[in-house]
Amino acid sequence: MRLSCLLQLICLAACSASTSRDWAHHGAPMFADLTVREMKAVRAYLHGIQELELTDARSKTLMKNSILLIELHLPRKHEALRALDRGQAKPPRQARVIVQFGNQTNPNITEYIVSPLPTPKTHEVKTFKLDRPVRFESRPISAVEYGYIEVLLEKMATKAHKLLFETTGGFSYTNCTDRCLTFSDIAPRGLESGERRSWIMLQKFVEGYFIHPIGFEVLINHQDLDPEKWTVEKVWYNSMYFDSIEELIEKYESGDAEKLRLPIHDDKDLYSTYIPRGHSNTRTNIHGPKLVEPQGPRYEIDRNFVEYAGWSFAYRVRSSAGLQVFDVRFNGERIAYEVSLQEAIAFYSGDTPAAMQTKYIDAGWAMGTLTYELAPGIDCPEIATFVDLYHYYDTDKPVRHRNALCIFEMTTAMPLRRHFNSDFKGGYNFYGGLDNTVLVLRTTSTVYNYDYIWDFLFYQNGVMEVKVSATGYIHATFFTPNGLHYGTKVYNYVLGNLHTHLIHYKVDLDLAGRENSFETMDLKYVNFTNPWSPEHFIVQSKLHRTEYKTERSAAFRFGKKFPRYVHFYNPNEKNKWGHQKGYRIQLNSHGNSVLPRGWREENGISWARYPLAVTRHKDSEATSSSIYTQCDPWEPVVSFEDYIRNNEDIVNQDLVAWVTVGFLHVPHSEDIPNTATPGNAVGFFLRPFNFFNEDPSLSSRSTIIVRPGPDGKPKVQRWTPEVVGHCVTDKPFFYNGTLTGV
């Protein structure tokens with residue numbers, strides 16, 4: 001009888017797990033990025049609505065109505081959960097579309113929700129919380145607008161040709177071949193809402209031009225939709241300010257402006273190139289270690305649905321912000337409904353006007369679309385599965401980003417756990433160990449000079465790691481003696497400007513259900529009489545728990561002491577030992593605030609006040625930032641502070657953790673030519689805390705146990721093939737690096 005009941009329970013558990021997996025697989029397409037067919041259908045539908053008067057995004061005028069962005073509009077959570085948890089029909093797929101209405105008396109930005117896909121029939125206006133309007137000046141700069149900026153710079157540079165040529169030792173902005181000048185533009189674009197004024201910094205157009213400033217910066221006003229009305233408002237040259245190009249030229253010729261002479265450029269001494277130089281201490285006739293899969297991959301991918309070692313999740317790369325995963329499950333139990341990148345900022349300091357103004361808010365540059373080709377063997381192992389991404393941003397047809405995402409399993413070369421059990425007589429009782437393999441989901445964003453490597457890592461013991469590694473070129477400005485207060489001299493006339501990187505994530509945890517609570521755990525000292533020696537006292541640490549009941553109380557400020565443990569748990573579900581099932585968030589970060597609270601641009605990044613904030617889930621609070629914040633941080637369309645201002649109850653609720661990680665970067669000479677990733681990686685771990693009854697990686701068959709046999713010889717117990725074998729690809733390195741319209 002007992003055996004029969006046990007078999008029934010096993011069968012029910014197996015059937016439940018199978019059903020859970022099938023429903024997760026069934027629901028994953030809800031989160032998949034738009035297909036090429038869907039993007040084209042949305043464009044055709046909107047262009048077919050005559051009253052919108054839409055024209056091509058790349059038509060050479062700013063006074064036009066055109067589509068800026070098409071991306072997936074996520075379903076409401078409760079609708080998605082019906083498909084994920086009950087196997088019901090998925091809600092219709094929808095697209096979010098940003099339309100720039102420049103051909104109107106009052107130009108504006110309007111967002112639409114277009115549905116159903118792949119054959120759209122309806123559209124409705126998408127509004128923001130508190131019905132905030134989107135100023136037309138807050139739109140990102142388009143390729144067409146950049147084209148007009150180029151025209152203005154050409155006119156300006158023609159006037160200043162002699163000055164630029166003499167300053168740079170033969171470089172010019174026009175009529176040049178291999179000795180050309182280029183520019184970098186700075187944001188935000190002005191000093192208050194409604195402005196569109198940008199500082200432009202000229203640089204030598206050589207490989208790695210980001211670190212070749214020439215000491216010439218101009219402020220242009222490009223607010224008017226007629227580029228003929230754009231003006232140059234200020235010029236900065238060799239630490240002096242001028243009100244116009246003409247004033248600079250006049251004072252340059254008269255000797256009232258000190259003339260600057262940069263060292264003659266030498267192609268053989270191009271410090272910004274990757275070409276090896278210096279003595280190598282590594283043999284070059286053999287390759288270094290490689291990652292291999294002796295019997296093939298141990299993970300499975302079906303479109304955007306991934307399974308590995310008990311994990312399953314759906315992924316997408318949101319064009320405006322970047323990498324996201326949904327319905328993250330381990331052994332069939334949902335850990336998180338969503339873990340997603342929201343925003344990345346880099347706020348700088350400096351002595352030149354461009355450096356003073358540089359406060360990059362990267363979703364404003366459509367950070368998610370800046371996902372370029374990954375190089376096998378460098379960006380990802382050769383064995384990785386490479387996936388193409390498709391984006392529709394500032395274009396007239398979808399663009400294919402070849403091999404822009406990769407998925408692979410790797411060994412960390414560190415045991416997940418191990419123990420050598422000594423017999424203290426020169427021998428041992430046993431050795432046990434389990435290798436630490438992990439699945440990695442990776443993409444990158446090259447936001448102009450900087451490269452961010454975005455990783456989601458899934459471990460065998462139910463731990464998920466979220467990590468970003470920073471590399472690429474530093475943002476450098478022209479060196480001045482006062483600049484040493486704001487950075488480091490890294491080459492002749494080059495200052496590496498200090499800056500702080502902050503990255504923001506949304507973590508929508510659903511632990512054993514949606515009804516979760518939040519607490520922190522710390523230690524405090526206790527002093528009591530020693531029970532076995534009353535004339536003495538015991539001083540030791542005691543666990544101190546603090547439950548947080550409202551959103552405002554659970555918003556932890558930078559600069560304040562941060563708790564040792566932050567713990568999310570389900571008050572209604574317990575493990576075998578009577579503990580409430582939960583996960584903790586463990587930060588790996590050196591981030592801090594970048595501006596005083598409420599100071600101008602800081603209003604647009606109010607999420608950056610908190611390493612951690614906890615709110616109740618709302619579909620209306622889907623993101624913490626927006627594509628418009630870069631050009632209007634003063635009056636942002638999305639204000640994260642509103643999410644916690646109403647101070648709602650967070651006990652036994654559907655909770656969202658908003659996590660901010662980052663680091664201060666004071667550039668140094670070793671950042672030439674590029675910032676390296678070691679030491680420049682931050683993130684956080686989602687770690688089970690009494691969620692399971694024991695370490696779930698016990699199910700791994702990669703464990704090895706060694707015991708001394710009766711004859712004294714080692715007896716190895718293993719559950720995987722005894723001989724691993726070896727394999728290395730015989731294909732040469734290949735990289736294309738181009739984007740294609742589809």
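In case you wondered, yes, glycine gets a Cβ from its N, Cα and C as well.
Quick look at what TrEMBL annotates:
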ACT_SITE  Tyr450  active site, schiff-base intermediate with substrate
DOMAIN    38-121  domain 'Copper amine oxidase N2-terminal'
DOMAIN    139-238  domain 'Copper amine oxidase N3-terminal'
DOMAIN    290-698  domain 'Copper amine oxidase catalytic'
MOD_RES   Tyr450  2',4',5'-topaquinone
SIGNAL    1-17  signal peptide
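When Cβ atoms from all protein chains are considered, those within 10 Å of Tyr450 (active site, schiff-base intermediate with substrate) total 22, not counting its own. Counting residues per DSSP class in helix, strand and coil order gives 31 helix, 31 strand, 38 coil for the domain 'Copper amine oxidase N3-terminal' (139-238). Mean per-residue pLDDT, taken over the domain 'Copper amine oxidase N2-terminal' (38-121), amounts to 97. Secondary structure of the domain 'Copper amine oxidase N2-terminal' (38-121), assigned with DSSP and counted as helix (H, G, I), strand (E, B) and coil, comes to 23 helix, 29 strand, 32 coil.
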